Amino acid sequence: MIRDTKQPIKVPAKPASRSGGKAKTVKPKTIKPKTSAKAAAAKPASAKGLKGVIAVAPPSFRRERALIKRGIWPIAGCDEAGRGPLAGPVVAAAVVLDPKRVPKGLDDSKRLSAEKREALFEEICATAQVSVVYASPERINRDNILRASLWALTRAVHALPDLPRHVFVDGRDRLATKCDCEAVIGGDGLIASIAAASIIAKVSRDRLMCKLAEQCPGYGFEQHKGYGVPEHLDALARLGPTVHHRRFFAPVAAAWQKIEGAPPPQIRDLFEADVTVEATA
């Protein structure tokens, strides 16, 4: 018979002695199940409502400082933005942070509000070396999104004022750079230099998509930044694709097929942008 180990186990009383003396009455003992150390440790947390709470530490500058102590400098972090949208370029950024002026609040750009990203963008550009490279939709169509992204990331590293001796890149793919390159999965949430690059890439691309929204009204680029949300798909079906849409995505390809005799237009393969920051009092 299988017992529920959570229920107390009652031990029956011993039978009365057959000797001439009086039988002693033994009260049944109650044995409580033992609580394991793990269960005991988990109990207070559960009682306080902390069960399932995971603390996420912000990116740090520790790995950069470890390399600096070994005499390795400059050290860059690089990341990209815009792999998944239906429209617009993929934007890569490389950043060399000043060890004495690492901005506070750095984090993966996806975990920050737009206002926080904008503020950090200004601070990073004012205190660090920054480069930004845009890979056009035409290059994405020709090479595929992965190759276009790696190409832009590599160009961003080589476009820095001083070629770094070591590069941290977000993801699993190392770059074909002239310096040592270390790929770090989830690096934008671990390494400060990569987090800074993710912010520069994200804000640069968002600003560009807002400019494209002025050139292509009706698509809502300023809202969804080219991602395949229902509003964008609806506009694509009504208005057709633009020169900024990526042809290999199924919704865009279907939209082109509806336009008889109209070949997809070609656009500039690459354009690089210098990050400019207006001086603030």
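In case you wondered, yes, glycine gets a Cβ from its N, Cα and C as well.
The shown structure was predicted, so the numbers you read here are calculated from the model rather than taken from an experiment.
For the divalent metal cation site, Swiss-Prot records Asp79, Glu80, and the single candidate of Asp162, Asp170, Asp173 listed with them is Asp170.
The record gives Asp79, Glu80, Asp170 for divalent metal cation. Within 8 Å of the mean position of their Cβ atoms, the other Cβ atoms in that chain belong to Cys78, Ala81, Ala92, Ala93, Leu153, Val169, Gly171, Gly187, Asp188, Ile194, Ala197, Ser198, Ala201. In terms of local Cβ density within 10 Å, Asp79 ranks first among the binding-site residues Asp79, Glu80, Asp170. Taken together, the residues in the domain 'RNase H type-2' (73-261) have a mean pLDDT of 96 on the 0 to 100 scale.
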